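Novice: Annotations per TrEMBL:
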- 1-178: domain 'Mannitol dehydrogenase N-terminal' (DOMAIN)
- 3, 4, 5, 6, 7, 8, 9, 10, 11, 12, 13, 14: NAD(+) binding site (BINDING)
- 194-340: domain 'Mannitol dehydrogenase C-terminal' (DOMAIN)
Ligand SMILES: NC(=O)C1=CN([C@@H]2O[C@H](COP(=O)(O)OP(=O)(O)OC[C@H]3O[C@@H](n4cnc5c(N)ncnc54)[C@H](O)[C@@H]3O)[C@@H](O)[C@H]2O)C=CC1
Ligand SMILES: O=P(O)(O)OC[C@H]1O[C@](O)(CO)[C@@H](O)[C@@H]1O
């Protein structure tokens, strides 16, 4: 069985690649990073290290690379032969990936193919499919299940370029009804209704992480585990997660007790001393994280509209507006837009906030 995975980065190698390998797939990674692609082709394998006391290591073998900029023919072959295509490139890159995939779908045989976007966004596979449909309508026999992926894999530098250190926990949830074919993946949970799982993950793990990153930076911390030693950071994190719990328990069947237990496990993951995760990585892509459907604004808008408590999320929005990382191009974009439009118009057009909420955020700035 053959899989083609776009994005040979942290999640690609440390999570998706490992699961696919464990399921007997040979995995071809497609990426623009020539160094990584060359290393994959030279070594044909890499090692995944589990970040815990006496953590195990796992060899991921039978891997190869395709350079999406220079290897058109190899990319076409990989798409034609694939039983499964996955991505972990960043949701903003999906339109670019769609352009690489679409023209190569014609000519596939009748064997089942599933295409899955593994990004931190709600229904990212739908986004990818809509982009592919802009270039082709030959999608017969292709499944497009949405999915939710959860495993913390920090940016890292290892002696071997391909090796990757990951936290022990992982969860990959896939929409059952849209999966084509009988061959299911082990290590993956298939569900009828994915939305509650995606939102629970996005508005707990990712909103929580954003709270640590954006508030932790204001206190001078550099990494998540460092920031989590500070009582004020942990208290703020819990306030934020109590508010997203209100959102989640109001919209889905999760009980408060279930959500509190989920939160407790996630806070323990954030405290993992064997992982060094930069606050700058966790806060990256600030325009995306300030957008209306993402981890801060979606629960905030709902809670405010329903007169539910949302002070901590309001404060978090203010920290996100002040987050400073000169290496994040979206920080520059945010600042340019705020300078051009003014804060009021920026939050109205980009984050879809009403005047009352904007006023409350301004009180924290
Ligand atoms: N790192 C983490 O802990 C988690 C990340 N995610 C999500 O997974 C996705 C990837 O994140 P990471 O692996 O951390 O990022 P990363 O930056 O380590 O990897 C992304 C890879 O995509 C490649 N890429 C960029 N443009 C491309 C293109 N046009 N064609 C092919 N490859 C291209 C990059 O060269 C890079 O190797 C993001 O959507 C992120 O939100 C989800 C869960 C956990
Ligand atoms: O990858 P994004 O969406 O920029 O956000 C970083 C977040 O994603 C993760 O990498 C994994 O869920 C978290 O570590 C963090 O909350």
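Using N, Cα and C of the backbone, Cβ positions are placed for all residues, glycine too.
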Novice: Where the criterion is a Cβ under 6 Å from an atom of ligand 1, which of the binding-site residues 3, 5, 7, 13 meet it?
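Specialist: Cβ under 6 Å from ligand 1: 7.
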Novice: Please give me the CB contact count at 10 A for residue 5 (NAD(+) binding site), counting all chains in the structure.
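Specialist: Result for residue 5 (NAD(+) binding site): 28 neighbouring Cβ atoms inside 10 Å.
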Novice: Sort out the sequence-distant neighbours of residue 3 (NAD(+) binding site) for me: same chain, 6+ apart, CB within less than 8 Å of its CB, listed by position.
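Specialist: The answer is 20, 25, 26, 27, 28, 82, 83, 84, 85, 86.
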Novice: With the cut-off set at 10 Å between Cβ atoms, which of these binding-site residues ends up with the most neighbours? Options: 7, 9.
Specialist: 7
Novice: With every protein chain in view, what's the tally of Cβ atoms within 10 Å of the Cβ of residue 11 (NAD(+) binding site), excluding that atom itself?
Specialist: 25
Novice: Can you tell me how many other Cβ atoms are located within 10 Å of the Cβ belonging to residue 13 (NAD(+) binding site)?
Specialist: 28
Novice: Return the average pLDDT for the domain 'Mannitol dehydrogenase N-terminal' (1-178) as a whole number.
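Specialist: Averaged over the domain 'Mannitol dehydrogenase N-terminal' (1-178), per-residue pLDDT gives 96.
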Novice: Helix, strand or coil at residue 13 (NAD(+) binding site), per DSSP?
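Specialist: The residue in question, residue 13 (NAD(+) binding site), is helix (DSSP, three-state).
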